[in-house]
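Sequence annotations record features per position, and here TrEMBL assigns disulfide bond to Cys140-Cys179. Residues annotated as cyanocob(III)alamin binding site in TrEMBL: Asp168, Asn219, Gln267, Leu392. Look at TrEMBL and you will find 337-396 tagged as domain 'Transcobalamin-like C-terminal'.
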Amino acid sequence: NWQRLGFSGAKYLNNWSTAFLFSAVPAAKQALVTGLQDIMENSVTPSSFVNPSILIAMNLADTENTEAQKLLTEQILAKDTTEHTIGQLALDVLALASSCRHSGNRLSSLQKKMENWAPTSQTESKITFYQPSLAILALCLKSPEDILPLAARFAKTLLVNTSPFSVDTGAVATLALTCMYSKIPIGVEDGFGELFGQVLKEMVENLSSRIQDNGLIGNIYSTGLAMQALSVSPVQPNRKWDCKKTMDTVLLEIEQEKFNNPMAIAQILPSLKGKTYLDVVHVTCCSDHEGKTISSSSSCPLPTSPSNITVHYTINNQLRGVELLFKATLAVSVRKGSVLLTVLEEAQRINSMFSFKYSVTSWGIFISSINNLTENANQRTYWQFLSGQTPLDQGAVLSSFLFCFLL
């Protein structure tokens with residue numbers, strides 16, 4: 001019985017601007033947060049990968065770098081969305097909302113895609129529900145009453161899925177259903193509140209089970225989204241979350257320079273600022289700040305030399321039961337400091353055998369296919385990137401030798 005939990009239906013948690021469980025960053029550690037924000041913002045250039053997650057984080061963090069904010073906003077608006085996935089559309093909608101800009105036909109396209117979406121089985125890949133969760137979140141923040149039946153159908157799908165969710169997926173699903181639960185119009189019954197509450201309970205318990213002894217939730221890079229979810233969920237897990245312990249560990253990881261990837265920073269920065277994705281529609285877009293300009297002379301470890309490096313890129317699939325077997329190596333010349341995506345794009349340009357496809361995930365991009373060989377959730381295969389014999393834990397990390405295996 002949801003009423004026993006002490007919630008009051010549609011009016012619960014209407015004010016999202018204050019996340020009630022966030023632990024504040026101590027004043028002595030604020031410089032760490034500022035440094036991270038500078039790294040992320042200075043990664044925005046006319047030639048950089050257009051990442052809406054970075055724009056969301058910038059706006060939630062009340063950026064003073066108006067030049068970078070304007071550039072990234074215009075880049076997102078200028079993108080061709082014809083081939084956008086559900087997740088890409090959702091992130092665009094959230095990013096543009098955070099900049100107080102109209103998303104054009106993205107919202108209607110997103111709703112149409114979600115109306116046609118359905119999982120292919122009850123044992124879907126753990127990332128399958130990440131993009132639809134983003135979609136429900138974006139649609140809820142823009143037009144919640146219009147998507148109640150759609151959100152209910154999605155919630156029921158989450159409820160019957162038998163595959164364990166990743167921390168990122170569970171966190172975004174929690175944010176989405178928290179939004180929907182708080183936006184049920186007064187007088188509308190139909191069991192929406194009970195359904196959303198039931199799924200939220202399962203989601204937060206799942207997140208709680210991933211909390212490590214040091215406070216991290218999942219791993220260091222999934223903790224940011226999980227902090228957002230647990231801080232605003234109308235139902236809390238049976239195991240009490242020690243937010244301060246989580247924050248202390250995150251700050252320690254920052255001191256150890258674990259966050260040198262702009263996307264990683266974009267995931268953690270809102271929580272460090274006491275904000276969540278639910279706040280994107282509450283951002284004040286008019287500001288008296290004097291905008292900082294994009295500068296290469298910042299704390300960001302940007303390339304200081306235009307020199308190129310050669311990356312020896314190997315793609316290798318020797319799995320039994322997979323029709324296409326291959327192993328090929330290509331020497332790729334890229335600018336020093338380039339990200340992994342740049343290597344993949346250059347290799348594809350040189351040789352079509354190195355063609356690849358990707359989809360959006362919480363981390364940015366998920367490489368789903370190389371040389372027309374696609375990861376397969378049913379066979380539990382996916383592409384893994386390694387430097388030598390060491391798996392890459394961040395997509396932007398590069399070394400002189402790069403190998404890619406289907407596992």
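Cβ atoms here come from the backbone N, Cα and C positions, even for glycine.
Nobody curates TrEMBL annotations by hand; they come from automatic prediction.
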(message) Using a 10 Å cut-off on Cβ-Cβ distances across all protein chains shown, tell me which of the recorded positions (Cys140, Leu392) has the largest neighbour count.
(response) Cys140
(message) Would you identify which of the binding-site residues Asn219, Gln267 has the most other C-beta atoms lying within 10 angstroms of its C-beta?
(response) Gln267
(message) Pairwise over Asp168, Asn219, Gln267, Leu392, annotated as binding cyanocob(III)alamin, what's the top Cα to Cα distance to the nearest Å?
(response) 18
(message) Sequence gap of 6 or more, Cβ distance under 8 Å: name the residues on the same chain that satisfy this around Cys179 (disulfide bond), in order along the sequence.
(response) Ile136, Leu137, Cys140, Leu141, Pro144, Leu278
(message) As a test of reading the model: what is the averaged pLDDT for the domain 'Transcobalamin-like C-terminal' (337-396)?
(response) 79
(message) Suppose we draw a 10 Å sphere around the Cβ of Asp168 (cyanocob(III)alamin binding site). How many other Cβ atoms does it contain, all chains included?
(response) 23
